[in-house]
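The region 'Disordered' feature in TrEMBL is assigned to 1-59, 1438-1545, 1575-1605. If you look up TrEMBL, you'll see 16-25 marked as compositional bias 'Basic and acidic residues'. According to TrEMBL, the feature compositional bias 'Low complexity' maps to 29-45, 1458-1470, 1519-1532. Marked as domain 'Ig-like' by TrEMBL: 126-217, 267-347, 890-976, 1109-1195, 1335-1413. Sequence annotations record features per position, and here TrEMBL assigns domain 'Fibronectin type-III' to 361-456, 487-581, 588-681, 687-785, 792-891. If you look up TrEMBL, you'll see 1440-1457 marked as compositional bias 'Pro residues'. Residues or ranges marked as compositional bias 'Polar residues' in TrEMBL: 1471-1518.
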Amino acid sequence: MSGSIPFYQKHHRHYDRGYRSRETESAISQYQQSSSTYSSHSSKSTKGHEFQSGLSDTEEARAKESAGYLARCDLFASGVESERIEHKSHRTVMRESAERISLSKRIHENEEYHKRLNEDSLMHTPEFVIKPRSHTVWEKQCVRLHCTISGWPEPRVVWYKNNVSIDPMAKPGKYKVESSYSVHSLEINKCDFDDTAQYRVSAMNSKGETSAFASVVVKRFKGDVDDSLPSPRLQSRKFGFKAPCLEYGVKFETHIVEKFGVSFGREGETLSFGCSVIIYPSLQRFQPEIEWYRDDKLLVQSKWVQMHWSGDRATLTLSHLNKEDEGLYTLRVITKSGFETHSAYVFVRDADAEVAGAPGAPLDVQSLDANKDYVIVTWKQPAVDGGSPILGYFVDRCEVGMTHWFQCNDTPVKFARFPVTGLVEGRSYVFRVRAVNKAGMSHPSRVSEPVAAMDPADRTRKGTSAPWTGQIIVTEEEPVEGVVPGRPRDLSVIEATKNYVVLSWKPPGDKGHEGVMYYVEKCVSGTDSWQRVNTEIPVKSPRFALFDLAEGKSYRFRVRCCNSAGVGEPSEPTEATTVGDKLDIPSAPGRVVPTRNTDTSVVVSWEASRAAKELVGYYIESSIAGRNTWEPCNNKPVKGTRFICHGLTTEESYVFRVRAVNAAGISDFSQESEAIKVKAAIASPTPPYGITVLECVRDSMVLAWKQPTFIGGADITGYFIDYREVIGGVPGKWHEANIKSVSERAYRVSELKENMLYQFQVRAANMAGVGIPSLPSETFKCEEWTIAVPGPPHDLQVQEVRKDSLVLLWKAPVYQGRDPVNGYYIDIKEAEADFEMWRGVNEKATNKTFMKIKDLKEGESYVFRVRAQNKAGVGKASDPTEPVEAVTKPGTAEIVVNVDDDGVISLNFECSNLTADSKFVWSKNYKEMTEPERMTLETKGSKSKAIFKTPSEEDLGIYSCFVTHTDGASASYTLSEETLKELLKISHDHKFPIIPLKTELAVELLEKGRVRFWLQAEKISANGKIEYVFNDNVIHQGEKYKMNFDKNTGVIEMFMESLGKEDEGTFTFQLQDGKATNQSSLVLIGDVFKQLQKESEFQKKEWIRKQGPHFVEYLGYEVTPECCVRLKCKVANMKKDSVALWYKDGREIKVNEKLDFSEGVLTLEITQISKKDAGIYEVVLKDDRGKDTSTLNLTDQGFKDLMNQVFSVIANSSTQLKIQSTEEGIRLYTFVNYYNDELHVTWHHKDAAIAFTERIKSGVVGEQLWLQISEPTEKDKGKYAIEFFDGKGGLRRTVELAGQAFDDAFAEFQRLKAAAIAERNRARVAGGLPDVVTIQEGKSLNLTCNIWGDPVPEVTWLKNEREMVSNDHYILKFESGKFASFTITCVNTSDSGKYSILVKNKYGTESGDFTLNVIESMGDFGVVSYLADADGNVIIGPTTPVPTPSPRSVPTTPSPSAPTLTSTPANTNPQNKTRATPTPKNQTPSTERSSTPPAQIPKNQTPGSPTPENQTSETLILSTSNTSTPQPSTPTSDEKSANTSMDNEKITAMLKDSVDNLGLSTLETELVDAMHLTEHEATTSSEPDESTPALETENLENVCETKDD
């Protein structure tokens, strides 16, 4: 080992046996500071500081410098105010300057961040653009903490005070939290001193979490310090809580209490520990400075480490433990007067491996020698290899701000150092390492700190902190063209292993201003063949790692520089380097020596490894002697050669071994140490304390004292007392009062001088020696006591401490007073309460020297005292006890009473925390039983028992047991008269035992009708014997009786194949097991026997039945949710040739499905069941093995039950009653899945059945059941229900038709009613108009249509949207309020256009349209031809067309062609549709018209062909309209139209027959067709028209005239 070692290994109690006991340390410190025989105060102070701090040389120097600074501050006497003002102004200027620099830096970082941001990396962890600042404010002021946070997704922000989340709703008005556009603030209203704390703001999103801290210090205008004194100056340190310190003459005393001890954690867990700190005087304005250290390194706040100071307690929290967190933790509390420390070790165990046998995770991953594209990653090997050697390690890297990890090496490396290349310049990276063995991969290590890939010079210029994400922009000067770089300098091999070689060099001196890159070349030693290694991409860093070199070969290397101007000359080659590990694995450590420390720890020392290079540390392992199961004692290497192994089992023997670690690997194990038993090392006891005087006479005094707090690990063998005279306040020389030690804690010191003053001191001794003396007692005067009351009781002890009670013991006072003591009073108070809070426990004095004190508050600490009384009164109180906390310690046991199998009664007590020197002390009524006459005491291991010899009333009392050398393990048991009687009864039962039975003798039937008699004994040994008795005769195993006795379960049974008449009687089983006996009988006589015999025969028949196909479940039924009835039965033991037949009323039912017995269920479904399905159903199973039948009666009551179940399913499928308004009234309805005619439902109104009338009706439509209320009134309001009858309770569906529901329904009814009236009576064009009319010029046109409406509508005719008036040319008529006629006499081409009829009344308006197409008149050649073209349009023209067309042959309207008779489909001319404009409340759809195909044009005729000159000039009407639209207001018109159509067809057929008989020509045939068209048009009217016959006659005459011509 090298020269200096850390301070904690020099002096700290964890590494030094001299301070392994807190009690010893405290007592020695107390004794040294108080004893007047020691050195002066200054020297004691210096020595005490050295003892408490245990600093290394560096730390001591720093402490001395701090002490000097504080000493100079004490000289602060004159010029105070001016210096304070000057210091304050200077401090203000510095703070403002620092704030400006910090703000500028943050703004710059924010701008750079947004420059680096791109669309591909929008999602990132939260980042503080502006962190919150710390504030110092006066009381009653408000303070606001601001911060700006970026991140996506938008982070959730939470504020914390001292790591406790702030809830603004918990204290309304106190806190106000705001967030707006990434700016977050916390406002604290009316600050008080309690608001002084550390505040943390945490931002979290899906990508991660980050935090920032700020402190708030609240000042008071007036404090505990004189206002005339100058204000204190603030001291700030690099870390921790900036706390003010007092600098003028006040000395602080610091005490660290409730100290944390050795702690154990596991990777991934969170561990918190801390200490309470008491500082006197307590000045709230001046708080200490708290620092935490790990292995002598100052800790700083991070995401892994959180520190908290509450004002009286310092806490350290380690989040997500890793093995890097293992070490010695030290708390340092710093005040003006100095500092106090406390340390303890924290051990971190490996987390459970994901794969069994995998190694532990590596630790302490660091990044070294970072350059532009290169970094060396180092780590430490884990202590746990999983049971097989570690094959190597994988190094992973991740760019900061990203989540993807990239594996850097393809094959595992064994060396704990690895060069990572290929980094992107300017990017920041973190690294982690994983270990691998043959079992699998370890957990990854904790990630390293971020490192930036950049030139070290740039890093120095930009600062050491690496950015969290993005890329650092490295700017360079403009290059100088044409400058080829020179040779690299100082090329050398800085590291060589069998896996890689690392080269290092310096850039050339003449590289110019342009940046250079490098090519690396190698050659095998002895050759001159150079090979470029990085052929594709040159490297930027003056470092390079070469892989894939042949192990054992020698190589030389050289480097060339390059830039845009070219490649420079190579450097000088290196010396020949052989590929292999230059660093050897260290040798095994030397001799390992364990020594005792505490009852759970051992100090292990060893000899260092010889000639170890770059030693990282040592791993220590322990194993229980003889088991060879090794466990690591530390998971982080220690560099010393001495270590304390904690967490061992007391009284267990252990062996230890050590191995060394460096980067090359882990050494072999050292030789195992000798076995050592874990127990506390023995030391001399600490001093006694609390010396008091119990009695005083003229020449002697009786002293008493309290036992030392630490007895040194061994029993105290005695005490030595010294005394000295005090004359004039000056103490004299100490004299021994006793040469031989005394075992009691009370002693009479004789040969004193009357009326002289004396001081006393006491020393305790054990087998390790005599301890140091106690502090000198108070000064006592030796004079005879003459008071009448007794002296104080002494030797107060506390036992049996529980959470709500304890037992107090004491001894009688030595001085009795004038009369004997006749009682005692006990006083109690809380430990922290004032002296005035003493209160009595017992109102009446007790004559015993013990008392159980109850009704304590759990967790509260108490102190007690005792006062004795005699006839003269109550004497002086004893000294109070030490504070006792009312708590039940873990592992506390009570005395248990036991009665063994022989009836022996004993009291048993077990202690789980025994030591080697522990003893069980039994007492009766709290007086020790050394050699009890009525009991026997036995102790084995951790158990002890007190056995009663002959229990009787003489043994009544309180029995207690106390275990020495423990933390107060004790218990008691009160043996009362009632308890003794119960124990004696149990003892008698054990002496004369009875075999307990779980069940008495019983009988049951088995398969084939076999009879089983059985019982079960609760406990019977394998030696138990059974006798079977029937009617007082012992029966034995044979053909009739089969016996069985299961000794494991205690089941005793006897079997009989069947029961005969001779088996009627009493059966008895007699049991015997050693001296224990029992029997049980069963009487089978009379009806009981007959019933059992009958059941046995039935079971036998059943077994025979089940040998063939049989029913497991007989025929039954179920109703499906679809209301299908399914008959089913379950069968078993079926074969392929088994047959199942269904019958109803004796007639076989043919089942279409093929029977499948695989599931053992036969079903028959009946859908839409009715009365005809009632009957007796039967299923028959049969094959060659037998036959079985099952019958189901579905008649009468059976059918009623089935239907009731169907009705129940229907009822349950019903929906809730709903309300619907109609034009007749209000309808209530519900839907069911299926309706059956047999279903009986009842409608109720206000819980009374409804009597149906013409106004209130019910009915069923499909699956809807409804109740119609016509013309509802107020009386119809109320609750309505429909009740379904299912033979049981039925089911009701209800609805409330009242209030708003009734009003809404009634209003909707009124609206629908009015709408219906309006729809029936509105004006409308019922029919009669065609869509298109094509007519020859000179003809007459007459159209008639039906009009409907009430009142009678007004009729208006329009032409091209203009109103028409009746005249000689246009004759407009409206007759009988129903028929509107339209006549044009002598049609001409100007009449072409769109015509409309508009009808309206108060309920609405409707219109009808048609288009008139007038074609020119054509000459008549004697024959009129009716032809059809390819499209089916009918045309009229001559047989021989005229070659020159007439100039008037151009049609005046866009009809298909003229002079053709065309039929235009209604859907191709929407303007010709009838338009309806009803009133808003009675809107109806517009009338739709069907269409016929258009007339065809012959191929030999053009649209412009002239008409024949002899064309008749009379009226010819051809209409293609189809006005068969049904009219709801005149339902009889459809029937009339249908009848008319049938008559037309008959007439047409008759005419054609006549034409054929008469031999008419084509013209006569066309006459028939013309009549047919005319008659068809006439039928389009929904009402008969008087003009229709005239129109038909006129058309017929025209055609006839043409024929005559």
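A Cβ is built for glycine as well, from the same backbone N, Cα and C atoms used for every other residue.
Automatic prediction, not curation, is the source of TrEMBL annotations.
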Per-state residue totals over the domain 'Ig-like' (267-347) - DSSP helix, strand, coil: 3 helix, 48 strand, 30 coil
DSSP helix/strand/coil residue counts for the domain 'Ig-like' (1109-1195): 3 helix, 51 strand, 33 coil
Paired segments the domain 'Fibronectin type-III' (792-891) and the domain 'Fibronectin type-III' (687-785) in contact, 3+ CB pairs under 8 A: yes
Residues of the domain 'Ig-like' (890-976) by DSSP state, where helix covers H, G and I: 3 helix, 42 strand, 42 coil
The domain 'Fibronectin type-III' (687-785): DSSP-derived helix, strand, coil residue counts: 0 helix, 47 strand, 52 coil
Summary of DSSP states over the domain 'Fibronectin type-III' (588-681), given as helix, strand and coil counts: 0 helix, 44 strand, 50 coil
Secondary structure content of the domain 'Fibronectin type-III' (361-456), with strand meaning DSSP E or B: 1 helix, 44 strand, 51 coil
Number of helical, extended and coil residues in the domain 'Ig-like' (1335-1413), per DSSP: 3 helix, 49 strand, 27 coil
